[in-house]
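Here is the structure we will look at.
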Amino acid sequence: MRLLYSLFHCSAFLVGFTLSVGVLPIPNEHAASIKAKFDDYAEHYLLPEDFHNAETAPVKKPTDAEIESMQNSLLFEGDIMGVPEIEKSDILKRLRDDPLLDEDEIFRKPFHSALNLVTYPDKLWPEGQVPYMLEEGMTNDQRTAIAQAFDEYKTKTCVRFVPKTDDDFDYIYVKRNVAFGCSSYVGRAGGNQTVSLEVDKCFSKGIIAHELMHALGFFHEHSRTDRDDFVDINEDNIRPGMMRNFEKYPRKIIDSLGMPYDYESVMHYHKLAFSRNGKPTIIPKDNEADVGQRYKLSEMDSKKVNKLYQCGEYSKTSSTTTTTTTTTTTTTTEEPTTTTEVEEKPKDKKVSSTTTTTKKPTTTTTTTPKPVERSRNKKCEDLNAHCGMWEQLGHCQHSVKYMAHYCRKACNLCEVEVTTTTTTTPKPVPRNKEKENKSASSTTRGTSTATSTTPKTTTTTTSAPKEKCEDKNLFCSYWAKIGECNSESKFMKIFCKASCGKC
């Protein structure tokens, strides 16, 4: 993909064309193939408009009944892929009755994964970067929901979902299904691993965030070794054959990361999970607890992700820089009365005077440095993991509003470095006053005077260019004439607004 980036600049589209018998320039094979490739990348990765829509679109809160309808009884715990169906009952029986001797028996390579990094040290995504690719044909609403889930992790954790490149062997492939529920592997499974989302059921921020948290390496909260201290499992209400979805894991497989049990986790089963009669299957011991939300990452979810991936407050390197401010303490003392004779010698006469100094306060200022945290967000940086790719695809010019805010560095729209110049010009001192000061300083104790000036700071900011509604490609008129405006072409929507009447 990197080799293709340079081809997407507008200048590339002008290379090689033929003129029709009439007026419109007709693109040659090279120009047509570049348009097709642009559309291909736009299909498989999110665009600025998807994240813009994610900010304004309402976030759906699925009900317990809706969540229950997404469960797939053929999958391990309803949504976990990678566990062979034939061996589930036997494996889980031995999990209850006997310590697990060979962890690969439950998660066969290359699909095994779990939280315990002593057991599974290679199942995290390196540096918290998760390459992804989308199935083509996603609707705008589906892309918006995925963008909302990606933003949820971007806002609360250090994990980033980034466009897959040719160098990425391991990546998640987000695809749609019909009547198969929502599902994912747990952790980095190796190669192309699927996050599958049922159409009309699974495309909401919280549901997708749940499946992505599986992909990051997390099981359901009720599977924790210590879960019996926090919830009761009512077997009488569980559908026949579904008890296997309520098992606990031994510590060899699952690691709680030293975090408390979280009723509010997006990974917790809801009360009616796999219910046979509409009555609760999971009952919190805390009567006020509500479990099973699929709306957002809880505070504890975010901490778990950050701790597992050693970032945020759990980073080995501090994420903030430190500066200092000052604390001032003032103490006032009184000086004794002092009489001083001052002699002035003008050219023609001699004047003798006596100056009486009354009691006056002397101020002593003590300055103590105080550390203050400064956020990294003040730096000029891109706020979306897609910015590099978008810049190469020309979105700095064609998605101006979003890019100017979230991709300032990639689009070279950062503030010019601020330079502050302070010049202090002392006021002229009258000759007589200067002599008086010199004389006084030789006969009395010195006092210190602190003077502070407030410099003027000039900041020059490069503003984002205004977006014009015009065609950005020579061949837009031709493509519009042959009906491309009515297609799903992202290229036409971005580069051919005038010809397509989208101004």
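Easy rule for this one: first residue shown is 1, then count along the chain.
Placed from the backbone N, Cα and C atoms, the Cβ positions cover glycine too.
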Cysteine of C407, C411, C414 paired with C380 via disulfide, per Swiss-Prot: C414
Record Swiss-Prot, residue C311, disulfide partner from C158, C182, C202: C158
Candidate in C10, C202 joined to C182 through a disulfide, as Swiss-Prot lists it: C202
Surrounding CB atoms that lie within 10 Å of the CB of N192 (N-linked glycosylation site), all protein chains: 12
Taken over the domain 'ShKT 1' (380-414), the model's mean pLDDT: 85
